[in-house]
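Listed in TrEMBL for this protein:
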type: DOMAIN; residues: 66-737; note: domain 'Myosin motor'
type: BINDING; residues: Gly159, Glu160, Ser161, Gly162, Ala163, Gly164, Lys165, Thr166; note: ATP binding site
type: REGION; residues: 615-637; note: region 'Actin-binding'
type: REGION; residues: 865-891; note: region 'Disordered'
type: COMPBIAS; residues: 867-891; note: compositional bias 'Basic and acidic residues'
Amino acid sequence: MSELLEDHGEYVWVRPQNNSSEFAVPFGARIVRTEKTKTLICDDHKKQLWVTAEDIVKAMHLTSRGDVEDMITLGDLQEYTILRNLENRYSKKLIYTYTGSMLVAINPYQILPIYTHHDVQQYRNKRLHDLPPHIFAISDNAFQQLQRHQANQCIVISGESGAGKTESTKLILQYLSTISGKQSWIEQQIIKANPIMEAFGNAKTMRNDNSSRFGKYIDIRFTEQGSIQGAKIEQYLLEKSRIVFQSTGERNYHIFYSMLAGLTQPELQRLMIREQSPSKYRYLAQGGCYTLEGKSDAEEFAEIRCAMKMLSFASDEMWNIFSLLAAILHLGNLQFRATEVSNLETVEVDDTQNLDCVAKLLGINVSSLNLALTQRTIYVHGEHVVTSLSKDVAFEGRDAFVKALYNAIFVRIVRRINETLDKDASKTLNTIGVLDIFGFENFETNSFEQLCINYANENLQQFFVRHIFKMEQAEYQNEDINWQHIEFHDNQEILDLIGMKPVNIMSLIDEESKFPKGTDQTLLEKLHVQHGNRSIYVKGKTTQTSLFGIRHYAGVVMYNPLGFLEKNRDSFSTDLRAIVKNSKNKYLVDIFPKELPMDTAKKQPTLSVKFRNSLELLMRTLSSAHPFFIRCIKPNESKEPNNFDKDLCVRQLRYSGMMETARIRRAGYPIRHTYREFVERYRLLVPKIGQLDKCDCKQVAQQICKTSLPVSPDLQFGRTKIFLRDDEDTSLEKERSRIILHSIITIQRGFRRVIFQRYQQKYQAAVITVQRFWRGRLARSKYLIMQQGFHRLGACIAAQQLTHKFIMVRSRIIKLQALSRGYLLRQQFRANLAAERLKKAEEKERKAKQRRSLQLEAEQQLMQQEQKLREQESQLREQEKIRQQEKESERHLAMERNAAAMAALHQPKRTKSLKYTEANGRGGNDIVANNNSYIDVESSKQIVDDVFGFLNDEADVSGPLGPNVKEKSQMFERELRLRKDIPTKLLSRPVNYYEAAPRKIINQTRL
């Protein structure tokens, strides 16, 4: 059922959901069901979602439901129909799709087995649409056109970086070399020229590991017999700024890394390269990326050397190229130091080692090179004026010289390849040209290179659009359709603005470049003045924004004029030119063009003039040839297989000009059907149409349009197709939808009637069946009740008999069980009693043993304690004896001290006493000897206070022996025990501590 729905379900275009990107387009989906105002759809990824009726754009054309090999056959050629067709084919690993003679190639990011020798032979001598789309088919068709019409052919390959342009170019060259006849030397040389061009012109970028940083046109010359006679390569706009600067994650040109990895140690020493790691060189280390995954730089260098030998590069010539590349590396490491001389800012070289290396490799005098890098000679009024450079200007001059040197090497290599491949250039032969050129670019910061690249793409877009318009005209003529009233506008106005009409942007840049005081800001002001009022010219959002924009065919691009003039001049210092001219290195002198005189220096062609001249020559070459177009598409930014980013692909389709095909169609009749397809889809609009094989489909189509469309519709009938406008197609679709909806309702009504009748019949049959079964069940239930009654009666009688027998047997058994149980219990009781007694005896014996053991242990402990007590008593007695001895000795000592003290008291002493005799009335004091040891109260207090300091001046009234005296006496005795000597005078004198009259103390000392 799901397959039937998938094949016959209605397909519609739905507006993008939850996506506000400028590149969001409607997507295709199949209607699952509709409910009121909502519709359930299933997209191409099998995801279902509900959408409103307003989100459905229109019904899908029959040719858009699957995928087609040639998108010209799409009946409705729109932006979203092209995208869905490409996505469906990419999911099936079909990376090639036609749009007329144009091939769309999607990078698969994986190796597909479709480029074998078998595929080459399969597509040989086949028409363009005989086999599925393939790049070999385009190559073979161009080769057949060349042989059939003897006219030049060209294949234009374009696309973003990483889309596969370089690989497509290599596949075309491989195919042409294979089918051209015998495998000659020249064919091998053409194939081997590609590795050399890639090494010197390709580099790793953020988008592509092998991005071509220049455009090239390879013109392959064929003889009348179809053999390759030679080839010529033209290169356009090499990205010279990559030599001196790379963004993070990018690399310089491949040749530098291959040379460092592939040269031997003696060769490196000869080139004075001491470090083999790219990180040691400023021109190689800025991006921080030194190797590529899955790629060996050493093997690539060996392949480059082999290819150069095959293309007749002499060993000396190859060595000269490597020497100049080594000089570029040394120049990148050269350092300058800012100084001041006579209050003027100057600069000097701060790295003599690298300076010597550069001078030797270039064959230049060291001092001359030093002066050329740090000074500048200006030609003023017929005189040479030498000025010193600042540090920043010196670095800029060095980088300009390096860019010019590498560009000269690249131009010489291309010229040498052409000399080898195109030896007989004077002979006129038919050619197949392969143009591999950069696609439209729009970055965050767009500079002079982007302006030139987009100008080239505008020219190619005009060439492509005119070719598509011619194809449309051819189809109209084949179908006898009047197309004279169809108007079409190309991008000629943009080309006039940039580089064709007078006072164009390129000419203003040239003019400002020749003025000595011209700056990027003055250039921007002139651009605003000259073109500010034009609709395709865009100014910056504010006056302070130094930007200008152009409305290109792919959208608005804003350019930053900073550096425009310097890049356009494309020159370096005249001092460096002079020393290059006088160099001993003949190869270096030869690769630079001859220097013009000073007075004609301003007439030297600028980069924009050179580019416009080469672009004009290219366009003339393409216009004189029959074109084939290959548009390379990058499916995602992450380089993953089977990942299709719709927004990214829409942007590339717009930038590549693919949508111009749809725009040209919309200018005419965009909706086209063959008559049979038209009748098959819209036959519902007229009744009674028989088999299509038996009727004239063109007449039926005319009848359908006459019946269903309004008066004088804008449509035309061709020989095999009907051509419609969008309005007519919408009217037919609405009418078809109305009739289909009416038919659906009629069918639903009939189906509902049939379904209800079938339901009613089934319901009646079910009721009768239920009744029949219910009656049978009722009779069976009654019979079962009667049968159950009889069985129950017999069961009751049998149960009564069995109950009586059971009661009798049970009573006897109970008696027998009682006797048996009594006997068994008695036996068990006796056994338990004997065991219990035995157990108690054992327990009693065990406890007795335990008591005896405890008594023994207690006696032992008691004996031990008594022993300890005796020992302690002996120790105490010993200690007490020792204390008694100590006390006795102390007592003896005290007695001895007291005896000595008493003896001292009884000794006669001389004392002086001052007695105050009031009775005699004398005012003087007499000192009288006191032999009986009497002393007055005040004198004794003063003596004691002076010695001990424990008495106050106040009288002691506490009694004969107060507390204070007792305490002092005890303290005095303690001092005596400490064997402290007491003055004899003090001990011999009694002291009266009271206010009473002095008393006599005999043979004692009061303490």
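Backbone N, Cα and C atoms are what each Cβ position is placed from, and that goes for glycine too.
Since the structure is predicted, the reported quantities are computational estimates derived from the model, not experimental observations.
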Within 8 Å of the Cβ centroid of Gly159, Glu160, Ser161, Gly162, Ala163, Gly164, Lys165, Thr166, the other same-chain residues by Cβ around the recorded ATP site are Asn107, Asn208, Ser211, Gly439, Cys632, Lys634
Checked against DSSP, the composition of the compositional bias 'Basic and acidic residues' (867-891) is 25 helix, 0 strand, 0 coil
Summed over the region 'Actin-binding' (615-637), the DSSP helix, strand and coil counts are 9 helix, 8 strand, 6 coil
Row Gly164 (ATP binding site), column other C-beta within 10 angstroms, all chains, value 23
Checking the binding-site residues Gly159, Gly162 for other Cβ atoms within 10 Å of each Cβ, the smallest tally belongs to Gly162
Around the Cβ of Lys165 (ATP binding site), other Cβ atoms found within 10 Å total 27
When the binding-site residues Ser161, Thr166 are compared by other Cβ atoms within 10 Å, fewest goes to Ser161
Averaging the pLDDT values of the region 'Actin-binding' (615-637) gives 90
Counting across all protein chains, other CB atoms within 10 angstroms of the CB of Ala163 (ATP binding site) number 24
